[in-house]
Amino acid sequence: MKATGIVVEYNPFHNGHKLHLNKARELTQADVVIAVMSGSFVQRGEPAIIPKWERAKMALAAGVDMVIELPVSFATQHATIFAEEAVRILDAIHVDTLFFGSEHGVAEDFTFAAKKVVENEARFDEAIQLALVDKKTSYARAYTEAFKKLFGQNLLDITKPNNILGFHYALAAQNQNPSISLQTIPREHAGYHDEEANHDQIASATAIRKLILAGKLEEASHYLPASSIAILRNYEGPFLSWKDYWSFLQYRLIQAGSEELEGIRGVSEGIQNRMQQAATKAQNFSDFIELTKTKRYSNTRLQRTALQILLNARSQTSSPYIRILGMNKTGQQYLSLHKKNISLPIVTTVSKAPVGLLEEELRATNIYTLAKGLENYQAGDFHIPPILTL
């Protein structure tokens with residue numbers, strides 16, 4: 001069976017995702033499409049708008065054959081780690097092709113750039129450090145400066161969010177298994193961060209979440225496949241954002257000592273002190289970010305750091321594993337064919353997982369389900385089984 005892997009968040013699953021999924025199957029001639037998906041919290045450092053099990057249902061209903069959870073310790077980090085660990089999972093489950101959307105749309109350029117970075121690793125790292133020192137800028141900007149210095153302006157614009165992820169997928173594949181084929185298609189109509197829906201059928205997940213959180217589900221439904229609309233209408237819980245967790249974060253920052261926070265993943269350069277001061281003044285999460293941000297810390301980096309503090313995520317990361325959230329008959333057939341040759345631990349029943357393997361994930365789910373209205377999902381890692389569809 002020919003397998004194609006995709007890395008997703010489906011926050012929520014919309015028409016752009018449906019187009020991407022259909023193209024992944026068609027262009028790679030895949031027998032099975034396997035999605036590695038963020039769980040309760042996503043890469044921008046935010047809570048997912050609905051629980052991971054509902055988003056897995058959306059994926060399966062739209063045609064994904066298997067949904068694997070990207071562990072929270074990787075799903076909520078910067079592009080390098082996010083991509084490395086997603087590719088590690090897809091490689092372990094033996095995908096032939098990694099398929100992704102990008103603003104650039106030419107897979108060969110991603111592969112070429114990744115090979116060049118691997119070949120010039122010392123020079124590239126030196127260029128990053130020079131940019132950090134000379135320009136007193138964020139790591140992301142320093143990385144972009146080093147990339148431009150190495151390749152010039154024209155090869156690949158890694159200031160674009162999907163290009164940077166695509167580049168890190170290519171880099172991870174080069175480092176882990178260069179035989180994984182890469183394919184990409186250009187994103188259509190909506191930019192990743194577009195906050196307004198400006199096309200008849202395609203809008204960014206950001207714009208769709210904005211509509212849903214404003215109580216405009218019917219308006220948002222123009223940009224969702226029928227299967228996603230049905231799941232959202234049947235969903236009985238709240239639609240979530242940082243406002244549902246702000247009081248928990250505020251308490252954590254006020255209650256904790258500065259030294260205690262130093263050991264949290266992503267906390268550096270004394271940023272915890274600014275955050276603790278802001279927590280006593282801010283009225284909401286948006287105020288908090290505005291009061292905390294600096295030239296070196298983008299809003300997204302601050303959100304990620306705030307999330308790690310909320311989750312009490314220590315600097316060490318967890319070991320990778322394959323946690324299956326759901327699969328259809330094709331996915332089950334593929335798993336049975338390859339199960340004996342998969343190098344990572346496979347988790348279908350959490351209670352049978354090796355002790356400590358899912359510790360951070362379980363804590364993240366417990367914190368996520370503190371939001372009012374999620375009582376049915378509390379301890380869901382234990383009582384909600386993988387979703388199996390025909």
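Glycine is no exception: its Cβ is also placed from the backbone N, Cα and C atoms.
Since the structure is predicted, the reported quantities are computational estimates derived from the model, not experimental observations.
Marked as ATP binding site by Swiss-Prot on the basis of sequence analysis: 7-20, G101, N162, R187.
Annotated features, which come from Swiss-Prot, shown on the structure.
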residue : record           : contacts (Cβ under 8 Å, 6+ apart)
V7      : ATP binding site : A35, V36, M37, L70, A83, A86, V87, L90, L98, F100, L165, Y169
Y10     : ATP binding site : H17, A35, M37, R55, M58, A59
F13     : ATP binding site : R55, M58, A59, A62, L224, P225, S227, S228
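In the three-state DSSP assignment, the secondary structure recorded for Y10 (ATP binding site) is coil. Ranked by Cβ neighbours within 10 A across all protein chains shown, the binding-site residues G16, L19, N162 are led by G16.
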